[in-house]
């Protein structure tokens, strides 16, 4: 299948027009061949994930995070150079669907509200007032209120991380939920302005937590977006499978782990 057709398919799911102005969505490395038969999807263009995709035989790799935000020189050792060399050595294509994917609740970014069966969905920070359904962070209502412990058990069935960080006062019951994939600390106030009982995101900063009394669950940057990338792979497999394209999701690696020190 021609690479242009595959890119058109990706961009129907994650239209580039929705991407943030500072972002670098789209083609990261141009491949040598116009036809693609194997498509790998993963969260990060790390050397580890790029090499795994290429060893599988991918001639196109789709990542969530871009390889770079600004142009970089190919003479500085590290992550960028190692990934770039690996892709270019095989002539594969590399494409990133980053904020273009984040802002579409009907697509892979909305996986958690579907998993938790949230209703009355709305967007916390629309890109444009004329399109209130496109933007960052999603809010919804549970089918019925749940005690916090029951809600936490249900959330843990869907969020693949061994530890969470909590801020604010734990609610007795949870009726409304908001979340933002990736780094969503900047949307805390928008979430609680809607009367949110629990806000779920990643990468909370110290002062964001300190200055807000609201209850927030930091599940890390990785967990929500790795599952989102898996959902993207499933969508592409459904769209492209009849065209003879093999699609494989490669789970990423959570870079953090918890350690509870023993105090004597």
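Going from the start of the chain as shown, residues are counted 1 onward.
Each Cβ is built from the backbone N, Cα and C atoms, and glycine gets one as well.
The shown structure was predicted, so the numbers you read here are calculated from the model rather than taken from an experiment.
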Out of 65, 259, which one does TrEMBL list together with 102, 221, 225 for divalent metal cation 1?
65
For the binding-site residues 102, 225, which one has its C-beta crowded by the most other C-beta atoms within 10 angstroms?
102
Compute the C-alpha separation of residue 225 (divalent metal cation 1 binding site) from residue 64 (divalent metal cation 2 binding site), stating it in Å without decimals.
8
Taking the Cβ of residue 64 (divalent metal cation 2 binding site) as centre, how many other Cβ atoms lie within 10 Å?
27
Sort residue 102 (divalent metal cation 1 binding site) into helix, strand or coil using the DSSP assignment.
helix
Looking only at Cβ atoms, how many others are within 10 Å of the one on residue 65 (divalent metal cation 1 binding site)?
20
